[in-house]
């Protein structure tokens with residue numbers, strides 16, 4: 001029987017698992033029921049991908065040490081070594097050694113000589129990475145492949161522009177055609193897709209499809225989260241077998257959902273000073289290798305560590321007010337690069353992509369700011385409701401389709417005015433009690449808390465807790481006021497930075513205390529007659545001026561002052 005060499009489908013994986021439940025590991029018998037798969041392929045698929053006993057996560061320092069010691073004893077006999085590695089198979093051991101632990105492998109930056117040598121070898125051998133790596137001597141096959149695809153291949157580098165709607169449509173058509181006509185022949189061979197795309201490599205096609213264009217790439221439901229939790233209990237971090245049991249979810253989506261949202265080991269509260277110090281020390285040792293750093297940061301994943309450094313701790317980043325020169329530089333960058341905030345931040349040098357985006361949208365974009373001041377039309381509301389229903393809170397889709405409305409503005413409009421499930425009245429005693437219980441259970445995971453509250457948004461829950469229910473909302477002491485004054489002198493009005501240095505005080509509390517009590521510019525003496533007269537004149541002017549306003553316009557203005565729609569600071 002000629003066995004096919006394509007990638008395994010979800011259906012095949014499911015069939016294989018069911019057959020193993022019936023027949024055990026009798027591969028010859030199982031292969032009879034697996035169309036176009038032989039006994040060796042079935043055995044390899046189980047042992048290398050589906051077996052729940054095999055650990056699929058990152059390697060621990062202890063595992064690396066064990067592997068090195070076993071290689072000293074047994075050489076590169078991977079099957080023999082795997083017997084002593086408990087949860088790792090021979091293929092995993094070989095990959096770990098060849099791509100990470102082998103002392104011959106260079107971990108530093110590529111030199112110009114290495115790049116030239118790699119180019120010549122690719123001309124000669126094409127994509128035979130194992131042969132190329134052997135000749136390179138001190139680079140693994142994975143390093144060679146990534147270096148070529150991500151840096152040296154001019155065709156790929158030229159394609160690092162934004163995807164056009166025509167390309168999206170073309171990829172969708174190719175994928176649909178492949179799913180209908182070519183899956184039996186090619187499987188998910190992204191290299192074949194990339195050939196048709198011409199200016200896109202197979203990495204780009206694969207990630208573009210799975211992370212952006214794939215229809216199942218919709219918000220996770222509560223039922224899906226519960227199912228994922230149960231499957232992780234049974235199969236651990238075997239994402240391939242987990243994804244088989246969750247319809248419409250890839251192994252990458254399952255892994256990301258667990259590690260970034262559901263894993264109970266991950267801390268989602270504000271970073272402590274000790275954590276910041278540890279992170280800085282680890283960066284000195286390991287550089288910006290976030291996966292390696294996360295192993296030593298208990299309760300934090302690689303994404304959290306990366307964001308904390310790039311948005312808060314990196315000493316190159318300026319936290320103070322923007323200068324006129326910076327504003328002008330940002331305007332020029334936006335003219336040149338549009339909304340490519342990562343590229344803009346690199347050219348700005350000392351501002352993050354988040355800072356650049358916020359500065360532009362909130363202060364410098366005159367068109368956007370003028371548009372945001374106008375009332376929302378019924379057509380815009382209807383369009384926003386349709387977008388959220390179809391795409392969830394997908395930033396890109398909402399931003400592209402809501403002309404002249406920012407994503408943040410759209411999100412606030414939906415949460416506080418359009419979401420049919422959100423209640424906007426006073427909080428009941430039962431709701432307060434429930435919120436207190438949920439904070440005790442989930443900490444400040446407001447998204448999770450809002451899911452349980454059902455009729456309150458995460459912003460409402462956060463506001464209610466921080467302003468009313470929080471038990472440490474104690475009176476400010478003179479000592480705290482003095483400390484606040486000193487911190488304002490140092491950091492200006494950067495309330496996030498100030499709150500980090502004020503124990504048990506949020507950025508909102510610090511800002512409110514300053515503006516209402518501590519700011520020396522505020523007059524707190526008895527009102528003078530002159531001030532009273534001035535205020536009366538202003539009120540009269542405002543009254544007569546408003547008489548000429550359209551009544552419907554006035555109602556629209558009043559509606560904007562919803563008691564629950566106040567802007568708040570969401571703590572980390």
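Placed from the backbone N, Cα and C atoms, the Cβ positions cover glycine too.
Across the domain 'Myb-like' (51-101), DSSP assigns 31 helix, 0 strand, 20 coil. According to TrEMBL, the domain 'Myb-like' annotation covers 51-101 (among others).
Feature annotation from TrEMBL assigns domain 'HTH myb-type' to 56-101 (among others).
Taken from TrEMBL, the feature domain 'Myb-like' applies to 102-152 (among others).
Per TrEMBL, domain 'Myb-like' is recorded for 155-213 (among others).
Look at TrEMBL and you will find 175-217 (among others) tagged as domain 'HTH myb-type'.
Beyond the domain 'HTH myb-type' (219-262), the same-chain residues lying 6 or more positions past its ends with a Cβ under 8 Å from any Cβ of the stretch are 10, 13-14, 17, 49-52, 54-57, 210-211, 301, 303, 392-393, 447-448, 451. Look at TrEMBL and you will find 219-262 (among others) tagged as domain 'HTH myb-type'.
Annotated domain 'HTH myb-type' per TrEMBL: 314-368 (among others), in sequence order.
Residues or ranges marked as domain 'Myb-like' in TrEMBL: 314-364 (among others).
For 368-418 (among others), the entry in TrEMBL reads domain 'Myb-like'.
Taken from TrEMBL, the feature domain 'HTH myb-type' covers 373-406 (among others). In the predicted model, the domain 'HTH myb-type' (373-406) has a mean pLDDT of 79.
For the domain 'Myb-like' (419-469), the DSSP-based tally of helix, strand and coil residues reads 34 helix, 0 strand, 17 coil. Residues or ranges marked as domain 'Myb-like' by TrEMBL: 419-469 (among others).
According to TrEMBL, the domain 'HTH myb-type' annotation covers 419-473 (among others).
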